[in-house]
Amino acid sequence: MFPTISEEDEGADKDGNGRRAVLILDQTRLPARAEQVRLTTLEEAAHAIRSMQVRGAPLIGATAAYGVALGLSATADDATLGHVLDTLAATRPTAVNLHWALARMRRVLAPLAPDRRRAAAWREARAIAAEDAAANAAIGRHGLALLEPLIRRRGRIDLMTHCNAGWLATVAHGTALAPIHAAHAAGLPVHVWVSETRPRNQGWLTAWELRQAGIAHTLIADNAAGLLMMQGKVDLLIVGADRIAANGDTANKIGTYLKALAARAHGIPFYVAAPASTIDFSCPSGADIPIEERAAAELAASLDSPAANPAFDITPAGLISGIITESGIHAPDALRTSSEQGA
Ligand code: MRU
């Protein structure tokens, strides 16, 4: 299978001189077709993020970083750098990994002389991608340590997830699905309830990803989640995140909040899994997180009624049992303390 994002060298030297492109797996074609798209310009990278050819907070962060490198291929003066960063920042507002990656690129590139920026941009984008893969592998290990005793005690586990926070949404491994992949790889019996995730159906991507991995799963309509919890068919929920505020309030795909409410009503643990790059300490609470409003056409296009299409919602920290990051499992209201202690 193609990776979600990779570099293609066309005779480029180690400093990035020569032509270089970025290959992405086009997620708008999945699950019907697995096709790669070649990005060679800033505009193509911005389009890939905006149109959701790439999606998922960590992956759009890595794509934005590579987009900076592509955008500096002809000139890398201050005006070009500013334009490139602004263009990519305007693609999607909620997932903070995108803005985190652009801030990091600015920090590294702005102090350099223009003729040194191009090679540095490729190096930094590569580092961001590699760090994401490593962080998610660590999330998988911490999540496995949470799941394994439960599975051993019950003989199996029925999990529920929402949207796609698997390897498709990251550079590798996934976030919410990383512990599930890890449990399966350890030979532990896992079954996943996969909610369709209207209107963009990212749950179909999760079902495709789990099927490829041979992990038992069942696709459900979003509105079936409450009934399944009431019937005792769900042991634990794990979702990803697009931005986690300093107080632990978490933005994730629309519909996540309803699942967290139902989980609380039925006493079911509800975990969020995300790398530290998803935590935004500059947002005091969920109320400060910008929520992307997507085109009404993503809903029932044939109806003439006005439509609202918020793409994300906020799950209050109080509904979250724990946040699994690369440094361990943290209480949602203790993120700052954990990060100050270097956890
Ligand atoms: O609109 P999308 O598909 O980019 O939204 C993705 C999500 O909400 C994911 O759950 C989140 O980004 C975590 S991905 C590891």
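Yeah, the Cβs are placed from backbone N, Cα and C, and that goes for glycine too.
Quantities reported herein were computed from a predicted structural model and do not represent experimental measurements.
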R55, G56, A57, Q202, N252, K253 show up in TrEMBL as binding substrate; which entry in R20, R29, R33, R92 does that record put in the same site?
R92
Under 6 Å from ligand 1 by C-beta, which of these recorded positions make it: A57, R92, D242, K253? Sequence order, please.
A57, D242, K253
Fill in the CA-CA distance, D242 (active site, proton donor) to N252 (substrate binding site), as an integer in Å.
5
Collapsed DSSP category at K253 (substrate binding site):
strand
Around Q202 (substrate binding site), how many other CB atoms lie within 10 A of its CB?
26
If H, G and I count as helix, E and B as strand, and all else as coil, what does DSSP give for A57 (substrate binding site)?
helix
What whole-number Å value do you get for the CA-CA distance of R92 (substrate binding site) and C163 (site 'Transition state stabilizer')?
17
